[in-house]
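Enquirer: I grabbed these lines from TrEMBL:
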DOMAIN    47-149  domain 'Cyclin-like'
Amino acid sequence: MSEFGHIVLTLSNVLLPPEKLYPNPTPSTIEGLPWDVEYDLRLIGCELIQTACLLLKLPQTAVATGQVLFHRYFYSSSFIRRPMEIVAMACTNLAAKIEENARRIRDIINVFHHIKQVRSGSMIQPLLIDQGYVDKKNEVIKAERRLLKELGFCVYVKHPHKMITMYLKVLEKEREQVLVQTSWI
């Protein structure tokens with residue numbers, strides 16, 4: 001068992017410590033955000049990360065890592081205080097680095113910009129490299145630092161998917177595409 005400040009990591013809590021789980025209140029609900037709104041924000045954030053990783057051609061492990069980091073962060077910080085989209089960008093960037101498939105921050109910002117335009121139904125316009133872009137890039141960098149600090153630099157994620165894939169190989173079922181894809185859902 002390793003201890004990092006107030007963060008204790010063991011194999012039983014690599015996803016999230018039990019004291020942070022439901023029915024205990026989250027920082028967002030403590031600040032007055034209804035649970036159903038927080039749930040929706042978590043869902044949207046994870047969908048954004050998944051779509052962005054797909055467009056960035058990142059592996060599924062990067063998607064899962066980004067989503068776990070996103071959830072961990074918002075069990076320690078409030079949606080009211082931090083912009084969800086910026087944190088989702090920071091989680092995507094950090095997950096790509098962790099899974100050794102780093103992408104430029106510019107690419108991540110461009111992909112999130114594209115997703116936002118598609119979802120809003122507006123005309124697809126390239127992102128201008130102006131002061132707004134520079135400000136957003138700085139926000140993402142700051143959010144990534146905040147994310148690392150809040151998580152105590154403990155960003156290890158043990159994915160059950162890797163073990164499932166190993167078991168499928170042992171059972172000689174790794175060629176069954178539907179079964180393999182279902183294990184990642």
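Cβ atoms here come from the backbone N, Cα and C positions, even for glycine.
Remember, TrEMBL labels are computer predictions, not curated facts.
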Enquirer: Average the pLDDT scores across the domain 'Cyclin-like' (47-149) and report the rounded value.
Expert: 95
Enquirer: Counting by DSSP, what is the helix, strand and coil composition of the domain 'Cyclin-like' (47-149)?
Expert: 74 helix, 0 strand, 29 coil
